Amino acid sequence: MAHVRGLQLPGCLALAALCTLVHSQHVFLAPQQALSLLQRVRRANSVFLEEVRKGNLERECVEETCSYEEAFEALESSTATDVFWAKYTACETARTPRDKLAACLEGNCAEGLGTNYRGHLNITQSGIQCQLWRSRYPHKPEINSTTHPGADLQENFCRNPDSSTTGPWCYTTDPTVRRQECSIPVCGQDQVTVAMTPRSEGSGVNLSPPSEQCVPDRGQQYQGRLAVTTHGLPCLAWASAQAKALSKHQDFNSAVQLVENFCRNPDGDEEGVWCYVAGKPGDFGYCDLNYCEEAMEEETGGGLDEDPDRAIEGRTATSEYQTFFDPRTFGSGEADCGLRPLFEKKSLEDKTERELLESYIDGRIVEGSDAEIGMSPWQVMLFRKSPQELLCGATLISDRWVLTAAHCLLYPPWDKNFTENDLLVRIGKHSRTRYERNIEKISMLEKIYIHPRYNWRENLDRDIALMKLKKPVAFSDYIHPVCLPDRETAASLLQAGYKGRVTGWGNLKETWTANVGKVQPSVLQVVNLPIVERPVCKDSTRIRITDNMFCAGYKPDEGKRGDACEGDSGGPFVMKSPFNNCWYQMGIVSWGEGCDRDGKYGFYTHVFRLKKWIQKVIDQFGE
């Protein structure tokens, strides 16, 4: 009896529900809703059934015109039916003849607007490689797999998710060309959606280094007759009164012959040959030569004979920091840079710095943790005045100067071209949003200096900028500058497997949604990341990597995770020297493809490589 009663009650409820439906205004459900509520009894012999379903689908929908319900009957899955139905409706005009419909459903040709296309072409009509649909670089896409889940936005394949009248397209890897159509075969016809129109040689993005003979050793032995800068300015003669006055206190190599007004590299600038130009006193410019690329280990090796691990194991923290900049132009702070008031100056360690030292001996922040207060006193927040928002991270290198990434200030594909009046910097902060009274300092900017050879068009090469503060900032327990590395420090620490530290207020994970509140941290985040071998960095991306960059992060098989993410850009990648206990800024958070993805790494501007440029700008404009 109990069993019978148990069956009767649901029956009564069902009858009551049916009566309610009959008397309601909306009686019928949409086909997709109705079919999703129907429970079907599973049948045996799945292999046989697959053949039957395929035959049913072909009979119902290829040989004849079918409905959504008939397709569902054949596929027995709402998800599979939705995928099929999207292609089927896209092939509406191709239903006769049969072979044309079959080709359309296969997806290797375009029918109508080409929304059916599911092929693997990833080159545009002019020959530009497509940007990954999941990537934000070089373009921020408004269309992605979240906004258009049924559009099959895989990898960087051409698609038509917005039913463009010109057919399948993609975002491009050229920052100057946001999106472009692809040349797709038209179903059943001997033609394509748009004709191929290859760009003229020399236009667009360089996907590989120039093939011409390269200049070794950063042009220090260069004896050519080039006498014009990359910006087309003529060089001043080295014997001119202006050039002589500027050269008087410079540490020039006497072996480099300064002939006429030819570009030379007398100070061993890692950026290569340069010359003085007319204009403001101290104006200079770099000259355009194709330099031989050197691996990071070779370029920073500086002729050291020691094995890096042995060098670190065998030395103690007694080496004093040697000042590099002129305090008249640089300002104060270099003499005790990298020594944090709440840690090194009190002989205390923070919670995770031991991990860095152990990595030396043993050989955007995602998966990071909250930083301790005073842990990164050189951290700067680059803040937009209107609308008020966090733009990027940055680093305090003296009481007058701040270092950041150039793309935080200038990146036309994202409509970025900020001036000093658009921005301010907040120094000494821990909280992301709260104003920290008596702790943080807010400073206005006097001038922004972007590297003259910053390459936003191709690969963010030389992604570096200096910002001069209107007034010197006072140091405190929470505000203190970081050191910039010399050659020996770079040689010792920039080794694959050695860990550095990234800090920032960027997103905690990658997101496409407008509601980013849940992925933004409340306080400064910190993560320790290992430097990655240069060949692995190069193999992880299609973007051309230069020796002004290095990459860091965990490999898929290492069992750990971590990365910088959106909002961390411009912030520091620092390492602590076991020789003198000072913290050095080795890199600037530059770019990455997504956040914390397997097989992808964060790329950082190589600060040591660009230190001579930093010095030249500060010497010229510091007083």
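Glycine too: its Cβ is placed from the backbone N, Cα and C atoms.
The feature signal peptide is assigned by Swiss-Prot to 1-24.
Annotated domain 'Gla' per Swiss-Prot: 44-90, in sequence order.
For the recorded site, C61 (disulfide bond), the DSSP three-state label reads helix. Cβ-based neighbour count (10 Å, all protein chains) for C61 (disulfide bond) stands at 22. Annotation comment: Swiss-Prot describes C61-C66 (among others) as disulfide bond.
Cβ-based neighbour count (10 Å, all protein chains) for C91 (disulfide bond) stands at 24. Positions annotated as disulfide bond by Swiss-Prot, on the basis of similarity to another entry: C91-C104 (among others).
The Cβ of C109 (disulfide bond) has 21 other Cβ atoms within 10 Å, all protein chains considered. Annotation source Swiss-Prot lists disulfide bond at C109-C187 (among others).
Remark: N122 (N-linked glycosylation site) has Q129, C130, E155, N156, F157, C158, C170 as non-local neighbours, by Cβ distance under 8 Å and separation of at least 6 in sequence. DSSP assigns N122 (N-linked glycosylation site) to coil in the three-state reduction, placing it in neither a helix nor a strand. What Swiss-Prot records for N122 (among others) is N-linked glycosylation site, and it gives sequence analysis as the kind of evidence.
Swiss-Prot lists C130-C170 (among others) with the feature disulfide bond.
The number of other CB atoms found within 10 A of the CB of N144 (N-linked glycosylation site), across every protein chain shown, is 18. Annotation source Swiss-Prot lists N-linked glycosylation site at N144 (among others), citing sequence analysis.
Cβ neighbours within 10 Å of C158 (disulfide bond), excluding its own Cβ and spanning all shown chains: 26. According to Swiss-Prot, the feature disulfide bond maps to C158-C182 (among others), an assignment based on similarity to another entry.
According to DSSP, C292 (disulfide bond) is assigned to coil rather than to any helix or strand. If you draw a 10 Å sphere around the CB of C292 (disulfide bond), it holds 13 other CB atoms from the protein chains shown. Per Swiss-Prot, disulfide bond is recorded for C214-C292 (among others), and the stated evidence type is similarity to another entry.
Residues or ranges marked as disulfide bond by Swiss-Prot on the basis of similarity to another entry: C235-C275 (among others). A simple way to gauge crowding: the CB of C275 (disulfide bond) has 25 other CB atoms within 10 angstroms, across all the protein chains here. DSSP classifies C275 (disulfide bond) as strand under the three-state reduction.
Summarising the annotation, Swiss-Prot assigns disulfide bond to C263-C287 (among others). Under DSSP, C287 (disulfide bond) is assigned to coil, being neither helix nor strand in the three-state scheme. Cβ-based neighbour count (10 Å, all protein chains) for C287 (disulfide bond) stands at 22.
Sequence annotations record features per position, and here Swiss-Prot assigns disulfide bond to C392-C408 (among others). The Cβ neighbour count for C408 (disulfide bond), using a 10 Å radius over every protein chain in view, is 25.
As annotated by Swiss-Prot, active site, charge relay system applies to H407 (among others). Less than 8 angstroms from the CB of H407 (active site, charge relay system) sit K416, W456, L460, D463, S569, S590, W591, each of them six or more residues away in the same chain. A helical conformation is recorded for H407 (active site, charge relay system) in the three-state DSSP classification.
Contacts of N417 (N-linked glycosylation site) defined by a Cβ separation under 8 A and a same-chain sequence distance of 6+ are given as L409, L410, in order along the sequence. The N-linked glycosylation site annotation in Swiss-Prot covers N417 (among others).
Around D463 (active site, charge relay system), a 10 Å sphere centred on its CB holds 30 further CB atoms from the protein chains shown. What Swiss-Prot records for D463 (among others) is active site, charge relay system.
Taking the C-alpha atom of C214 (disulfide bond) as reference, the shortest distance to any of the recorded positions N144, C287, C392, C537 belongs to C287. Same-chain residues at least 6 positions away in sequence with a Cβ under 8 Å from that of C551 (disulfide bond) are, in sequence order, I531, V532, V536, C537, S540, I545, Y601, G602, F603, Y604.
In the three-state DSSP reading, C551 (disulfide bond) counts as strand. It is C182 that, of the disulfide-bonded residues C182, C235, has its Cβ surrounded by the most other Cβ atoms within 10 Å.
Mean pLDDT for the domain 'Gla' (44-90) in the predicted structure: 68. In terms of Cα distance, none of the recorded positions chosen from C61, C104, N144, C187, C392 sits within 10 Å of C263 (disulfide bond).
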